[in-house]
Amino acid sequence: MTVGRFPNTRLRRNRHDGFTRRLVAENHLSVDDLIWPIFVTEGDDIESEVSSMPGVKRVTLDRLAAHVAPAARLGIPALALFPMTPIEKRDEEGTESDNPDNLMCRAARLLKREFPDLGLIGDVALDPYTIHGHDGVIRDGYVHNDDSVAVLVRQSINQAEAGIDILAPSDMMDGRIGSIREALDQRGLIHVRLMSYAAKYASAFYGPFRDALGSGGLLKGDKRTYQMDPANSDEALREVELDLLEGADMVMVKPGMPYLDIIRRVRDRFAVPTFAYQVSGEYAMIMAAANNGWIDRDRAMMESLIAFKRAGANGILTYFAVDAARQLRDT
Ligand code: PBG
């Protein structure tokens, strides 16, 4: 530990000029840290704004390449894809998740063709595909763990075969990482990576995302029988440990800002690639305040992102990815 005493030690000295502030900065944000979540929708020539997420759009596939091109040009390493499944294709069991021609798979094939170097992350969960908005299948009123895992395994293989590089199970079923890994390996898909939403909390901050995918109005009840209780932190370490033992290559903590302590504990304990998801509600809060003139959007954005790095995140899924990458390039 460094020691010192006032007045020979004055911590303000290093803050006196921009150049020393830069020299002593302990953490840095770079474009390599950014993952951009995007929403795709069916139809032609549509770009519709998500009303609770100003600046975030759902785009149809004919517009997808143009939508993604700025991110690719800026050098953002990867996108996370989320499909808005039309209501008539949703059912009790999330069958559409296993269709090789579903929206997600078509988007993945198109993006791999247009941007071969851009990493694609596929969310694995049933909520975009089920009529009840839950992440798994329901048996006797309960989201059934093992039956859900079986469907999630099929969804995973389907996405991997369409070109998704990193599968990101966000469903919080027990044992799904191991089952997905085994099924991938049996098919020789050994390079497909798993980024597990290991510590995912039952959070109010997902509200705008559920609007974006149209699953919010459908959701019956809540997700507290599978997503974690916000009161818990030791339990997050057990979730991460189990997922690592089952073969996760990277782990995620979600939401982001209210859970920086969890990111720090995970990183300190396991020293594995750890990602944070700055979720829709966090984005919406910053944008709402900024649009009211109550905070400076760009500064709040950059401050929130460096906070993830300080907490120990190796990367951040953020709806600000393109704006942040622009700011990093221009300053
Ligand atoms: C799906 C999923 C959710 C988010 C990512 N994947 C919603 C949920 O669990 O209800 C939320 C992302 C966000 O709020 O930005 N399982």
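In case you wondered, yes, glycine gets a Cβ from its N, Cα and C as well.
Heads up, TrEMBL stuff is auto-annotated, nobody curated it.
Source: prediction; values computed, not measured.
Within its own chain, LYS200 (active site, schiff-base intermediate with substrate) has SER170, MET172, GLN227, MET228, MET252, VAL253, LYS254 as residues 6 or more apart in sequence whose C-beta sits under 8 angstroms from its own. According to DSSP, LYS200 (active site, schiff-base intermediate with substrate) sits within a strand segment. What TrEMBL lists as active site, schiff-base intermediate with substrate is LYS200 (among others).
Reduced to three states, the DSSP call for LYS254 (active site, schiff-base intermediate with substrate) is strand. All protein chains shown were included, and the count of other CB atoms within 10 Å of the CB of LYS254 (active site, schiff-base intermediate with substrate) stands at 24. Here TrEMBL flags LYS254 (among others) as active site, schiff-base intermediate with substrate.
All chains included, 22 other C-beta atoms sit within 10 angstroms of the C-beta of GLU239 (Mg(2+) binding site). For GLU239, the entry in TrEMBL reads Mg(2+) binding site.
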